[in-house]
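As recorded in TrEMBL, the features of this protein are as follows:
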DOMAIN    7-250  domain 'Peptidase S8/S53'
ACT_SITE  Asp15  active site, charge relay system
ACT_SITE  His53  active site, charge relay system
ACT_SITE  Ser216  active site, charge relay system
Amino acid sequence: MLENRGRGVNAYVMDTGVRITHETFQGRASNFMGQTITPYCSGSQSMNDIDGHGTAVASILAGSGGFGISFANIINVKIWCQRRAAISSMAKAISDITAEHQTNVRQRPSWFKGSIINLSSQTLTFSPTLRDAVAAASDAGIAVLVSAGNDGQPAYAGGHLCRLPTTICVTSCDSDYSLSSFANHGVAVDIIAPGGDVPVATPEDDESVGGIRGTSFAVPIVGGVLATFIGNEDLITDLRTTRQRLFDNALRDVIGLEARSTTPNLLVNIPTNRLIWPSGLPYVGAPASSRQCSSFPGCLRPS
């Protein structure tokens, strides 16, 4: 099993806020740029999560205690204000995140491995400004993950973000390997992840937990997987390889799609179970330095 999965990766959670003091984050969560008031909402709103959506998403991406698989840094970027998020605020937040990422790339602190953006939402309105902000983030090497939506309809109809070639659009399956009944679907989807009845942290206090369902909560599972690839290989700006690892390691044709067969039948595969690779590598494309031989007679360690 890979150690320190995703450590050193900044995972920017653009959402309703995150309870950064929750014990599941083990001190790895912070507010974007040290803010206490979000600049992306009007009326001097705090960075706190009063809805629960953002804390839940963050705990799946990088929570301890069985919630998440990665040890990424959770960066709380609050853009949802009274249950709405302005497209202009989304675009501004993405641009600000890209600027911080580029600063880290230039300065290259020893701990820094790369960045991802988790945007578990959709927009119904086309915005050139938002499109360009996402494209700039992608060009800088940041993976931008979005949710397909929960209307049981084609994802291209349910939201503009899934139509962008620069995003990774995630929809949801249930524990019986069927596409969730609520999940948007179709050719705009890139990959499938579990999103039904997911255990999560909640913002009531620093120990509270709960359960939740939706494509929003499939997205951070993919985020945790990407953080693992990025952290393991130092893929700081190499988004092409990051995406390739995601799709090369996906499980194919295991989800029951029924009439929704235009959805790519790709289930995210968590790259921590080395038992499936007789070479001793934890995932397809992993560098030789990741090889683990203890369980494989005849496996040669790299010199």
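Including glycine, each Cβ sits where the backbone N, Cα and C put it.
What TrEMBL says about a protein is an automatic prediction, not a curated fact.
This view paints the features noted in TrEMBL onto the structure.
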residue: Asp15; record: active site, charge relay system; Cβ within 10 Å: 27
residue: His53; record: active site, charge relay system; Cβ within 10 Å: 23
residue: Ser216; record: active site, charge relay system; Cβ within 10 Å: 28
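Between the alpha carbons (Cα) of Ser216 (active site, charge relay system) and Asp15 (active site, charge relay system) lies a span of roughly 10 Å.
DSSP gives Asp15 (active site, charge relay system) a strand state. Geometry remark: Asp15 (active site, charge relay system) versus His53 (active site, charge relay system), CA distance 7 Å.
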